[in-house]
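Residues annotated as domain 'Isopropylmalate dehydrogenase-like' in TrEMBL: 4-352. The substrate binding site annotation in TrEMBL covers R97, R107, R135, D221. If you look up TrEMBL, you'll see Y142, K189 marked as site 'Important for catalysis'. Residues or ranges marked as Mg(2+) binding site in TrEMBL: D221, D245, D249.
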Amino acid sequence: MKKNILIVPGDGIGQEVTEVGKKVLIKIAEKFGHEFIYDEALMGHVAIEATGNPLPDETLEKMRASDAILFGAVGHPKYDNDPTAKVRPEQGLLKMRKELGLYANLRPIKLFDELLGASSIKPEILKGSDILFFRELTGDIYFGEKGRKNNGDTAYDIAEYSRYEVERIARRAFEAARTRSKKLCSVDKANVLETSRLWREVVQALAPEYPDITVEHQFVDSAAMMLIKDPRRFDVVVTANLFGDILTDEASQIAGSMGMLASASVGDSTGVYEPIHGSGHDITGMGVANPMASVLSAALLLDISFGLKEESDAIISAIEQVLKAGFRTRDIADSTTAPEMILGTDAIGEEILKRI
Ligand SMILES: NC(=O)c1ccc[n+]([C@@H]2O[C@H](COP(=O)([O-])OP(=O)(O)OC[C@H]3O[C@@H](n4cnc5c(N)ncnc54)[C@H](O)[C@@H]3O)[C@@H](O)[C@H]2O)c1
């Protein structure tokens, strides 16, 4: 298979982990006889420094021209501590989602058995957890009208959803449920919010088209509680932008570390694959960032954008073997890990490459 992959490392540890993700893609192409052609582009703080724009037109053009994008993370302490900054790295993220029509964010929450001890939740509650979240990405309170009134003393953010926006993500979730345990949980707040009542109405209207799928509706407050109490009761979950933002970060703790979780943003055109973590200011340049989220993002890219399931599984299996062999990065090590088994970003990357 011949494909063009755009690498957008972004800022901080985004650059460190994406390098490992790219090496893994190169290895897979070698091993399975594919031809992947790579290009690279700037985004985030590095792009602001170079061009004044967090998502330069040149980057956007390259994104549109590629078959898939492996993305790192954006962010720099300079902006976090200055809420008045007019140009900010995360503006690049929102613009990318809008311009590429990326309306569905998929986050698989998969717990590797070897990391049962790394989570703050009890192993007997966690064992076997495997959840696939679909978070809507282009609507809701983030994109509605916002402003201030009463001399700035009152603020508002309007949440809006249209039927087609709910329908297109719900369909993706129903279809994914078909390939898994045929259970779909739709999370809303239909007892209070009108947007949630529309959400539930649309999901209910679609359900007869998927008679093999069992659909459950849950209020977001109860879902947040159940995720910690009994994560195994969830399989495919579909929810709105704001609820999904919060629930997926909560669910990341099931996997033990932010450094282990990948995500895919898909929609009308090129898909973007990225770790769920940010640019990790506190560990940038130390060579200790866990690259597995980026490597798992590369696996998702192969599976979802190129349909290369065997290649994707080969990556996941290599990570499993590295963990079984006892190797850890600092974030997933515990008191039982021998110091010589704690590896840096590049060294653990080499262990993964060896096992592909
Ligand atoms: N999608 C994105 O680009 C994205 C997402 C979240 C945050 N951010 C940005 O990232 C910057 C830092 O934000 P933050 O500190 O809140 O979140 P973060 O995800 O960067 O870091 C949170 C904590 O997790 C640790 N961590 C994260 N990834 C790790 C990895 N791969 N290996 C080991 N440890 C890891 C960090 O060291 C830190 O202690 C901010 O500027 C923020 O705006 C960007």
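Here the Cβ of each residue, glycine as well, is placed from N, Cα and C on the backbone.
Note that the coordinates shown come from a computational prediction; the quantities given were computed from them, not determined experimentally.
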Averaged over the domain 'Isopropylmalate dehydrogenase-like' (4-352), the pLDDT of the predicted model comes to 95
Fewest neighbouring Cβ atoms within 10 Å among the recorded positions R107, R135, K189 goes to K189
Recorded positions near D221 (substrate binding site): from Y142, K189, D245, D249, Cα within 10 Å gives K189
Least Cβ-packed of the binding-site residues D245, D249 (other Cβ atoms within 10 Å) is D249
Across all protein chains shown, the recorded positions R97, Y142, D221 give the max Cβ-within-10 Å count at R97
Largest C-alpha distance in Å for the substrate site residues R97, R107, R135, D221, as a whole number, is 27
Between the C-alpha atoms of R107 (substrate binding site) and K189 (site 'Important for catalysis'), the distance in angstrom, to the nearest integer, is 21
Given the Mg(2+) site D221, D245, D249, its other Cβ neighbours within 8 Å of the Cβ centroid, in chain order, are V220, A224, L242, F243, G244, I246, L247, T248, E250
Taking only the CA atoms, the spacing between R135 (substrate binding site) and D245 (Mg(2+) binding site), expressed in whole angstrom, is 7
